[in-house]
Amino acid sequence: MKASFCVIASCLVVFALKGTAEDTGTEDDFDYGNTGCPFPVLGNYKSNMTKPVGCKNKCGSGYEVLNDTTPCYVIDQKVFNNMVPLRQYSKCPLGFCENGECKPNDQAEDCYKGREEQK
């Protein structure tokens, strides 16, 4: 009797949690409020760190700009969009943000694009 009560109670909890899940729609429809919009990023398997692609990102009706000296990848948005997720690319050019642009610093490292949900 106690076991069946626990199973029923567990099912009700799961049902209640699923019922409260909210679909936020597409990224374009989501209101990020004061936190800004997500930047496209690339990762590095050796350091397990991500860096933004470029330093300026369209956000709503304007643009969000990263702080100067932020490390970044000097990769065009079109190139980023065509990258295959989880494939390692060699010699991804590195730079630092300066006035909304990723300025090359003559260094490069291997990089990869995350899965689509990790944009």
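Each Cβ is built from the backbone N, Cα and C atoms, and glycine gets one as well.
According to Swiss-Prot, the protein has these features:
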SIGNAL    1-21  signal peptide
DISULFID  C37-C59  disulfide bond
CARBOHYD  N48  N-linked glycosylation site
DISULFID  C55-C97  disulfide bond
CARBOHYD  N67  N-linked glycosylation site
DISULFID  C72-C102  disulfide bond
DISULFID  C92-C111  disulfide bond
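Using Cα positions, the member of the recorded positions N48, C55, C59, N67 nearest to C111 (disulfide bond) is identified as N48. The highest number of surrounding Cβ atoms within 10 Å, among the disulfide-bonded residues C59, C72, C97, is found at C72. Look at the disulfide-bonded residues C37, C55, C102, C111 and count other Cβ atoms within 10 Å of each Cβ; C37 has the fewest. C102 (disulfide bond) has C55 as its nearest neighbour among the recorded positions C37, N48, C55, N67, C92, going by CA to CA distance. Around C92 (disulfide bond), the same-chain residues at least 6 positions away in sequence with a Cβ under 8 Å from its Cβ are L42, Y73, I75, A108, E109, D110, C111. If you compare Cα positions, C72 (disulfide bond) sits closest to C55 out of the disulfide-bonded residues C37, C55, C59. Residue pair C97 (disulfide bond) / C37 (disulfide bond) shows a Cα separation of 17 Å. DSSP assigns N67 (N-linked glycosylation site) to coil in the three-state reduction, placing it in neither a helix nor a strand. Taking the C-alpha atom of C55 (disulfide bond) as reference, the shortest distance to any of the recorded positions C37, N48, N67 belongs to N67. In the three-state DSSP scheme, C59 (disulfide bond) is classed as strand.
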